[in-house]
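Report on the following structure.
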Amino acid sequence: MYQLTLPDKSIKEVASGFTYRDFIEKELPFLKNKALAVRLNGEEILDLSRTVEKNSNIEVLTYSEKLGWETFQHSAAHLLGMAVQNLYKNANLTVGPVIDNGPGFFYYDIDFQGAIVTPEDFPKIEAEMEKIVKADHPVWRKVVSKKQAIETFQKLGEKYKIEIIDGIPSEEVSIYGMGEWFDLCRGPHVPNSGILKSFKLTAISGAYWKADKNNSMLTRIYGVAFPTKKELDQYLFQIEEAKKRDHRKIGKEMDLFSFQKEGPGFPFWHPKGTILWNSLAEYLRSECNKRGYQEIKTPAVLSSELWKKSGHWDNFHENMYFTDIDEEDYALKPMNCPGCSLIYKHHLHSYRELPLRFAEFGSVHRHELHGVLHGLFRVRAFTQDDSHIYAPLDYLESEVMDIIDFTFTVYKKFGFSEFKTFIATRPEKSQGKDEDWEFATSTLKQSLEKKGIPYGIKEGEGAFYGPKIEFNIKDSIGRLWQCGTIQVDFSMPERFDLDYTDSDGQKKRPVMIHRAIYGSLERFIGILIEHYEGKFPLWISPNQIRILTVTEKVTDYAKNVYRELLDSGFRVELDTRNEKIGAKIRDSILKKANYLLILGEKEMESNTLAVRMRGQEDTKILTRTGFISNLQDEIKSS
C-alpha cells in the first residue's frame, strides 16, 4: 500500500498496481472527467496512466491549472503532428512546444520536404485532427534506450528527432503515441485523444531549425485547444476583437508612435504618444512621492565588470548590447538594479533610514530576435517603472504588502478590476542560498494570504536572483496581461557588499526588493490602447478636445476658445481647415477625441459651445465656463 497526501492534508491509501487514474476515479470522482495529469511533491509531473510507486504529496492537474493547461496544449501539438504526418507522408517533425505569447498556445515546426502548406490547408488538417479525436485513441508511453530510439527514428527518416536524441544526456528516452503513430517526448500527456475536442489552427510562419539561419527553413503551424466549444468560441471572439483593437493599427491612426527601418524594435514616440507616455509617468511619480520613494537616474552605459559582478553577464549575456570605450568593454544596461545598488553603496546607511525606496524610470535595452518583435509588446528598448527597496529582513513582509496595495491602486485607476496573481519560484539556473529562497518564497505567500488574494504557483519561473509575485490584469475583452512584479533579492546585496548599521552597531545585510507596476511603459501603453480601443479616459487622453469651425467667420472666436482651454491646462487642437464639417468630424472620430466643439455663427453670437461627446451624435449647448468646470470635475473623479 502507498499513501498519497492531498493538498488539504488528507491522506489516502492506494493499493499496489493502481494507476493515478484509478486513484482519482475511486477517491476523487468529481475530478474524473477533468484530470489531465498529476504532480508529485511539487516537482514531478506524471501521466494518469502511470502506476503509483511511492508515497507522495499529490496534486491533480486540470485545465484551470497552468501545468494542466500546458499538458493539454502540448497534447494538442501531438494531435497536430499526427494529423500532418497522416496527410503528408514525407513530413518530418521537429519540436512542438507550448507558448504563452504568440498567435497560438502551441506550435509545431515541420519540414514538409518541399510540399507547400498555407492557411488554405488548415481545414484539411483540422478535419484529420477531428478524425483522431473521434477515434479517442488512448495515449501510450514507452521508455526505450537512446540506441533503440535512434534506430526507430532512422527507419522513419526523422533526422531532426535523431539530432534531438543525440543531445539528451540520459541513456533512456520516452516515446508517446496514439494508435500506431508516435513521437519523441518527455510528456506528460492527456489520457486519450478524445479529450482534445475543441481546437483551431491559427497561424503559419517560417522558422529556422534551432533558430539558426544557416539551418533548414521549417514551417511553423500554430494552434489553440480548449476543453469545450464554448471556450474556443469565446477565444476566437477575443481574437477578432483584438484585431480591431490592435495597438499598432490604432497607434498609427492616432499618430502616437512609429517604428522606422533605421531602428527596428526601437519605438519612436510622436507628440501625441509622448503626451500619453508622460501622463503615465507623471501619475506614477506622484503616487511614488506619496509613499516616500526617492527618484533617481542611472547611466545607460556601464562597465562590463559591473554586469559580471551583478550576475547579469552570466545569466543575460545573449540579450545585451556591447561597446568598447577606451579599449574597455561596456554594455547598454538591460536592467536598472545594478546602477541603483551603486547609488545605495555610495553612502553609509543606518537602520533608522530604512526601508530606503528608490524609484527610477529607467530606459533599458535588450536584444530580441527580429522575428519576435511585436509593436510595443516586444521591443528592444523600453522604460521600466522600476523601484528598488533596501530594507532589514524583518521589514520584508510589510514592504511587500504595501507594494501589493500600491499595485492594485494603480491598476484600478486605469479601470482594471479583475486580476490573477502568481508566485514564480526558484528556477533551475539561479543564485543564492536555499534558506534565503525558502524564506523569501514563504514571505511572498504569507503577504498575499494576509491580503486575502488568491494566487497560483509558477514552478521554476522566478528570476535568477529570487522568487517573485506576478500580477496579471484582465482587459476589456477578457485577455490576461502579466504586468507588475515584486521580486525578492538576497543575491545582489551580497554581490555588491551592501550593508547598514543596525541598532546594536553591527553591520547587517539588507534585503533588496525589485518592484515594477506597469512593467514597462511601452508595453503598458500598448495594453491600454487595446483595452480602451484608443478611447482613453480624459485624464490621460492625448486628444482631449478638438475645436472644429463650421465657417471661416468663426475662426477668431474658435482661436479665443482654444486659448482659454489651453490656459486652463487642457490638451486641445484647433481645426480651421476649409473643409466640410462632416469631414472634420470624421477625422476627429478617427483621432478618438474625447470632446468635439463644433463652432458656428450661432455659438459665436451667444458665446457658447456646441459640445459633442465621443461616441455620441447629439450635441449639447454649454457655456464656456460650464464646459471647463465639467472637464475639471471629470478629471478629478477619474
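Placed from the backbone N, Cα and C atoms, the Cβ positions cover glycine too.
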Quick check on the annotation: Swiss-Prot has C337, H514 binding Zn(2+), so which of H247, H270, H374, H388 does it put in that site too?
H388
Residues close to Zn(2+) site centre defined by C337, H388, H514, Cβ within 8 Å:
M335, N336, C340, S341, D386, S387, I389, Q487, D489, M492, M512, I513, R515
Entry from the binding-site residues list H388, H514 having the most other CB atoms no farther than 10 A
H388
Around the C-beta of C337 (Zn(2+) binding site), how many further C-beta atoms are within 10 angstroms, looking at every protein chain?
23
Could you check what DSSP calls H388 (Zn(2+) binding site) once collapsed to helix, strand or coil?
strand
Across the domain 'TGS' (1-62), average pLDDT on the 0 to 100 scale:
93
Summed over the domain 'TGS' (1-62), the DSSP helix, strand and coil counts are 11 helix, 23 strand, 28 coil
